[in-house]
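A short worksheet on the structure shown next.
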């Protein structure tokens, strides 16, 4: 790792650094004392229920909203004072779709490409997001998922170093989501830093190097998705059916031993045997429920 | 011997960074706005068609002589040119900007490196081009069907030019400013249309201005449309008609002052109140 450190103590490999971020709308505190670090090149997922402060946080990082307090650095700049140069390095896919009405997909993407000094080839980008067949269609004729793809095209047309995606796959069918995930993996492999908010835990699990759970305007935990909430060490639940047909279950730190013991008790197959560990969803619901 | 070369560093492999200059950014934006306008049937019919239809109807129904060598038709046509200029600028922008804001178009532009002024420049170019087209159409219809005389002197054309430009600038700035009043996409038209309609009635577009009650004339004199109409009458009506105006002449200096003041007011309102996002959106 390069040893360089900037004057304010920000290391070269940090794309986003947030300390004590606070934002309130009237009496409603949307973000309360939030700390966050995103490293260059990683895919970071921000998880949380509606109203947890995800979009507010992301829109402050994108330079759309002003913070009440706290220190925020995004690509070594304060997003509250965005310069065109900084904007050129940041790609944004906002929550919800935008509509350009009577313009075609190709016209919009070509037009936006003109704003970025290092823009990608618009036709290639249209192809990449899977809109090649719709390139000449007016944008208002697109389906919800297709409009979302157009948003993604506009987010990546400038070949950003850092890409924000706010609930990017809402309205996608399963196949479109898989394709989208591939696109994100490609971008990430090419070195793009990605910050993604999502409701879908499988999306975080599939894409993110690290995930942060946000609840009540605070980041309650940050970990690799498979380690969130000490998921690896959580007790396993073993359940089986007794001879009279009732379902029994037990939580165990050593499920293998319990299964061996059950096998001995039943003299072979254990009827209705399942061994489960809490899913990411279980962990997540527990985390946000506790607040 | 192989033709394969060592791949260049990613940065070098990127297409040479080309940053568009301010003029081409503005022209691209203007072209896009014009294209969008022409593709929207409502805009074309409402903005371009309305003044022409009104001229066809009113000029056909009424043909009184107003004295001093002017006919009601001529009087009404100058009012409709002024109205048309207000429609392409004030109404057009006041109605469409809230829609674009609501649909997240503005927010998306804001997230790009596009300098803010480029977006405004695009709107201004669109308004100017559509304004010229509309004025030309109105004049063509009026000259061929209603015997309107085009200005004969360079000085008259000059007055026509500056009154139109000052008027359309004031109305453009006010249209952009008032777009921030609308809370939703739909309410833009509800905010703008009544204002425009009332101004048309009290500013001497449908009725001869001096026939209106004095208090109504006083109110109208506060707003740009009355002065745009008066300035254009000085271009298209005989000079002698100036004596019929409320001030006893066409008062071109006052026309320039009031329209100039509205440009300043509109600009200040734009700078202080313009919103790229909807209210619920921070």
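Cβ atoms here come from the backbone N, Cα and C positions, even for glycine.
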- Stated TrEMBL location of transmembrane segment, expressed as one of B:11-34, B:155-178: B:155-178
- Message: Restricting to CB pairs under 8 Å, which listed stretch, B:74-97, B:117-143, B:155-178, B:190-209, B:255-274, is in contact most with the transmembrane segment (B:44-62)?
- Response: B:74-97
- Message: Should anything in the same chain at least six residues away from the transmembrane segment (B:155-178) have a Cβ under 8 Å from its Cβ atoms, list it; otherwise answer none.
- Response: 81-82, 85-86, 88-94, 97, 120, 123-124, 127-128, 131, 135, 191-192, 195, 224, 227-228, 231-232, 234-235, 252, 255-256, 259-260, 262-263, 265-267, 269-270, 273-274
- Message: Given a Cβ distance threshold of under 8 angstroms, which distant residues of the chain, six or more beyond its ends, lie next to the transmembrane segment (B:190-209)?
- Response: 58, 66, 72, 75-76, 79-80, 82-83, 86-87, 90-91, 94-95, 175, 178, 181-182, 216-217, 219-220, 223, 225-226, 229-230, 245-246
